[in-house]
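Trainee: My questions will all concern the structure given below.
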Amino acid sequence: PPPATTGQAPGPPDGGWGWAVVFGAFISIGFAYAFPKGLAIFFKEIQDFFGTSYSEIAWVSSIMLATTYGAGPISSILVNRYGSRPVVIFGGLLCGIGMVSAAFCTSILQLYICVGFITGFGLALNLQPSVIIIGKYFLKRRPIANGLAMAGSPVMLCTLAPLNQFLFDNFGWRGSFLILGAILLNCCVAGALFRPIGPSTVSVKTQMTEEGKSALKEEVTEDAMEMSSSTNVPMESKTEEEGGKDCCEKINQYLDFSLFKHRGFLIYLIGNVLMFLGFFAPIVFLAPYAKHIGIDEYSAAFLLSILAIVDMIARPTTGIIANSKWVRPRIQYFFSFSIAFNGTCHLLCPLASGYTGLVVYSVFFGLAFGMVCAMLFETLMDLVGAARFTSAVGLVTIAECCTILLGPPIGGTLIDTFGDYKYMFIKCGAVMVLAGTFLFIMNYYNYRMLAKEKERNVKWDPKEDPVRTENDGKNNRNRETARDGPELEPLREEREGLKKEVNGT
């Protein structure tokens, strides 16, 4: 029979069906990011209905956001095992079930479970696969594709804010939750667009080579067992070590924990964990703050729409700027500036006392928020590469979920303690300015170290120094011989003979 065609996994098409995938990711990411913020419209009424405080009602969004991010590793494992399409469809079903169940809740604790955990986990199964599959379909146009997909969040927020207010006025918060549960089932339709790129085919030659290697390994292992039995060398401890190694390899197959040795990944992780302590709280409390200072309900909801409209324009624009030849080589600096700019907006928010001031704040906040979100995953992929991105997203999100969980409740506690919203905005602004400054300084250090390492590698090239390479090879063989010991010399000779036979065939 003719040999099978040798092939690698298909490269990113950078277009074609990829734009349909971007549209599906636009819907999934939009719901994942905008839905927890859009629920803030109901908080004042739910708070009065159950008689809870600001900090207690803030836990609804916090648990939902924390579950969305904390379930990142589970989502990454499921994507690696089953692919993006079935994971997103299952996540859409969970979102619908969670919101429909929330419509029948009789206590704030039940809302935590239905809205926070069930719906939050469904949103996690929408967010991670959508971000991951864009990296598989795009390479050259990836920043633009990410910017367009991330624009789903402001579009959904712009729509959900007035829609939620309209639903509440006509159906109450229970009826609104039933309708929102049905709307979230559209995530299943979005997941159906995530057509997987075909797997690579393996050639007959590669299969024969693998069979020869496995046969060689089995023969050498049998010989080693015979020698060990004749010399009474115990092999049980070695078997246990191999079993533990196999277990670690299985875990690393889905989550690459070696990323914690990656300098750029650690810098990104620390900066983002600090940033999320003040990232979501201003959006959660923007509409309640407007109602607190005497602005009517529809005008307060319209502030979120203004923020979303500006955010909608900012994300694809940021993606185009980040894809330019001037910004992309140093995209980490641009990301650091965006975070610091976001924090500065929050620090200046207490100066806005009237509705006009809040409109101006919403415009600048939407611009800064869109800049950060458009580059949030692009900068991570720039650091770790597309091959390790799936594991990196899972590890980052589980680390971020702690500060995401604590951010809004800490803001609610400040509001309950001082009776004023300005301390919450000042806290969030200070934290984000600190995070942006940290990332800028550490990324400068990382770029300097990468330049030195590249210069060191250029100075010594193994191809240009064959004598040194040959001597290193001899030294390595001598070290292996000394390590193995004379008692395994017959096994080594037989192993070399088997290798020659396999190579000959």
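Easy rule for this one: first residue shown is 1, then count along the chain.
Positions of Cβ are set from backbone N, Cα and C atoms, glycine also.
For reference, TrEMBL lists these features for the protein:
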type	residues	note
DOMAIN	18-447	domain 'Major facilitator superfamily (MFS) profile'
REGION	460-505	region 'Disordered'
TRANSMEM	16-36	transmembrane segment
TRANSMEM	57-78	transmembrane segment
TRANSMEM	90-123	transmembrane segment
TRANSMEM	144-163	transmembrane segment
TRANSMEM	175-194	transmembrane segment
TRANSMEM	265-286	transmembrane segment
TRANSMEM	298-314	transmembrane segment
TRANSMEM	334-353	transmembrane segment
TRANSMEM	359-377	transmembrane segment
TRANSMEM	389-411	transmembrane segment
TRANSMEM	423-445	transmembrane segment
Trainee: Ranking 144-163, 389-411, 423-445 by Cβ pairs under 8 Å to the transmembrane segment (57-78), which is first?
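Mentor: Top-ranked stretch among 144-163, 389-411, 423-445: 389-411.
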Trainee: Who are the long-range neighbours of the transmembrane segment (90-123) in its own chain, taking Cβ under 8 Å and residues 6 or more past its ends?
Mentor: 28, 31-32, 35-36, 39, 46, 50, 52, 56-57, 59-60, 62-68, 71, 129, 174-175, 177-178, 180-182, 184-191
Trainee: What parts of the chain pack near the transmembrane segment (334-353), using Cβ distances under 8 Å and only residues at least 6 beyond its ends?
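Mentor: Same-chain contacts beyond the flanks: 271, 275, 278-279, 282, 293, 318, 321-322, 327, 360-361, 364-365, 368-369, 371-372, 375-376, 379, 421-422, 425-426, 428-437, 439-440, 443.
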Trainee: Given pairs 6 or more apart, does the transmembrane segment (144-163) have at least three Cβ pairs under 8 Å with the transmembrane segment (359-377)?
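Mentor: Yes, since the transmembrane segment (144-163) and the transmembrane segment (359-377) share at least 3 Cβ pairs closer than 8 Å, they count as touching.
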Trainee: Cβ under 8 Å to the transmembrane segment (359-377), counting only same-chain residues 6 or more beyond its ends: which ones?
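Mentor: Here the qualifying positions are 33, 131, 143, 146-147, 150, 153-154, 272, 275, 279, 282-283, 286, 303-304, 306-319, 322, 331, 334-335, 338-339, 341-342, 344-346, 348-349, 352, 393.
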Trainee: Which residues, given as numbers and ranges, are at least 6 beyond the ends of the transmembrane segment (298-314) yet have a Cβ under 8 Å from it?
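Mentor: Answer is 34, 37-38, 40-41, 151, 153-158, 161-162, 164-165, 283, 286-288, 290-291, 355, 358-359, 362-363, 365-367, 369-371, 373-374.
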